[in-house]
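Inspection log for the structure reproduced underneath, given as structure tokens.
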């Protein structure tokens with residue numbers, strides 16, 4: 001009995017122990033269940049907090065980004081404004097430069113126009129002054145020389161008569177049968193100088209002889225050219241006289257009748273001389289004859305002395 005009781009007691013004790021253990025387990029489970037719910041709640045809360053924190057962080061990041069963007073855009077806007085201002089200033093400067101250039105161009109044009117006007121005015125004034133001075137020359141200004149006395153007039157008549165008479169005798173009595181001439185119209189003009197104004201530089205032996213020879217040479221060249229080129233006679237006449245004057249200038253033998261000597265050679269219809277024969281007869285021979293007559297006749301006069309110079 002005792003063993004059976006002991007076994008029953010042990011079974012009961014075991015049952016009690018198991019019950020206690022079960023109760024304890026239930027208690028533990030009951031305790032752990034709330035803990036799990038709390039943990040889940042806490043986890044949820046933590047997750048929510050994390051989400052909130054993330055959201056806050058995101059918001060902060062967004063805010064910071066927006067602030068950064070604003071900070072970035074603000075300098076960019078300011079830079080753009082500065083660039084725009086600089087561009088405007090540059091445009092204004094360019095406009096000012098263009099205006100200045102236009103003003104300078106206008107000023108230059110005005111200056112050029114003024115210069116042209118002034119030049120025209122100066123040209124007109126110079127032309128006016130030139131013609132004023134030109135027509136003033138027509139007035140002369142010097143007194144005319146006094147008339148020669150009767151003695152001088154008498155000797156001029158006598159010497160010129162003798163000089164032309166000698167040439168006429170040679171022309172009509174000596175050379176006419178040989179179809180040559182000895183008397184030219186230009187010798188009459190030479191007679192006026194060497195017999196009427198023997199003191200004139202144009203009447204001296206160099207001028208008388210060399211002037212006629214140079215002019216005859218020019219006239220002969222022009223006449224030969226006229227024959228072979230069929231040039232205009234009018235031009236040939238003008239060239240003969242003008243070139244004869246140039247030749248006399250170069251040889252210091254200006255003698256006004258020399259121009260007539262050159263002209264006669266070109267205008268003569270009947271050419272009684274061939275080639276350059278005209279230079280020797282009648283020009284050189286006639287001028288030397290007149291020189292000899294002047295030397296003889298002029299020096300008979302009391303107040304005359306001929307020549308003043310020879311060469």
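Any Cβ shown, glycine's included, is placed from N, Cα and C.
Residues 95-124 are the range that Swiss-Prot records as coiled coil, among 95-124, 125-154. Nonlocal intrachain contacts for the transmembrane segment (181-201), taken as residues 6+ away from its ends with a CB within less than 8 angstroms of a stretch CB, comprise 156, 159-160, 163-164, 167-168, 170-172, 174-175, 207-208, 212, 255-261, 264, 272, 281-283, 285-287, 290-291, 294, 297-298, 304-308.
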